[in-house]
Amino acid sequence: MIRHFLRDDDLTPAEQAAVLDLAARMKTDRYGHQPLAGPKSVAVLFDKQSLRTRISFDVGIAELGGHPLVVDTQVTHFGRGETLADAGRVLSRYVAAIVLRTHGDDRIAEVAAHATVPVVNALTDTYHPCQLLADLLTVRERFGGTAGRTLAYVGDAANNMAHSYLLAGTTAGMHVRTAGPAEFQPDPEIVARAEKIATTTGGSVRVLTDPAEAVRGAHVIATDTWTSMGQESDGLDRITPFLPYQVNAALLGHADTDVIVLHCLPAHRGEEITDEALDGPHSAVFDQAENRLHAQKALLTFLLEESA
Ligand code: CP
Ligand code: NVA
């Protein structure tokens, strides 16, 4: 069976742990794993902008012995001149895996439904599951594990990062709290899924509006932009309602003394996070960015092995 990674809970708790174990091994032995030797090719397609995802997949596929094909879809027929189903079928004849950053989840679902190779979600409007593997690897490094730790995500609780924290965090046995303005709350269906996962892993979910309550005693504070890609002209005020949710020294003061700060980047300094939080002693943001590389190498290796 072909294994795709379209959303965080496509990996069971045991599988997620195995991917993170492998990522840690790959980090310490960066050039010692060559499952794509041949080389096998991997298509990495972008319907939206990227810096980290683009470079970390390109570098990671090369380090695995493979050949990365990084493509901005605007210069192709992908999803415009031909259907996504046909593109999925055609690409499967050339490459060992397809990595896709796109808009609606229906788009990646259509590619996956017709692909005969693994399809990986490199960010959609609803999820950013590769980012979460990097974040969880970072939490493991800092705390020795994820289970039982409390993660507070503050800011736009209706966006892809919030949803992925809910699903991946509970899969990892974490207590996940979100705090955002009342009009920017997570999708209730995803909250329900996270709650169900939490019952099997010992984690928990709390959906809040008070940022201080969310971060009280937290080991991890995470945030993200208030304006995600594609929302630039949605007509909503994406500054004023979020001002109480800025990650700054005052908010960190409510958390555990050993709290770490995560941000998937790019950061809008002075909006969702201050320089002192991003550059200060609690920040794990640049380890987090590096861990994209190791986590994605492990994920690709896992999906290809499972799909063989
Ligand atoms: N965090 C992240 O996905 O960054 P990019 O948008 O630069 O890929
Ligand atoms: N929520 C952000 C994440 C960027 C990595 C966005 O979708 O633009």
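Backbone N, Cα and C atoms are what each Cβ position is placed from, and that goes for glycine too.
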Which one of ASN121, ASN160 goes with ASP224, SER228, MET229 at the L-ornithine site, as TrEMBL has it? ASN160
If TrEMBL gives HIS128, PRO129, CYS130, GLN131, CYS264, LEU265, ARG292 as binding carbamoyl phosphate, which of ARG93, ARG101, ARG107, ARG238 does it give for that site as well? ARG101
Binding-site residues near CYS264 (carbamoyl phosphate binding site) (Cα-Cα within 10 Å), from ASN160, ASP224, SER228, MET229: ASP224
Going by C-alpha distance, which of the binding-site residues ASN160, ASP224, SER228, MET229 is nearest to PRO129 (carbamoyl phosphate binding site)? ASN160
Residues ASN160, ASP224, SER228, MET229 binding L-ornithine per the record - widest CA separation, whole Å: 12
So which binding-site residues are near LEU265 (carbamoyl phosphate binding site), with CA atoms within 10 Å, out of ASN160, ASP224, SER228, MET229? ASP224
So for ARG101 (carbamoyl phosphate binding site), how many other CB atoms are inside 10 Å of its CB? 24
Mapped DSSP class for ARG101 (carbamoyl phosphate binding site), helix or strand or coil: strand
Rounded to whole angstrom, what's the largest C-alpha distance between any two of ARG101, HIS128, PRO129, CYS130, GLN131, CYS264, LEU265, ARG292, listed as binding carbamoyl phosphate? 16
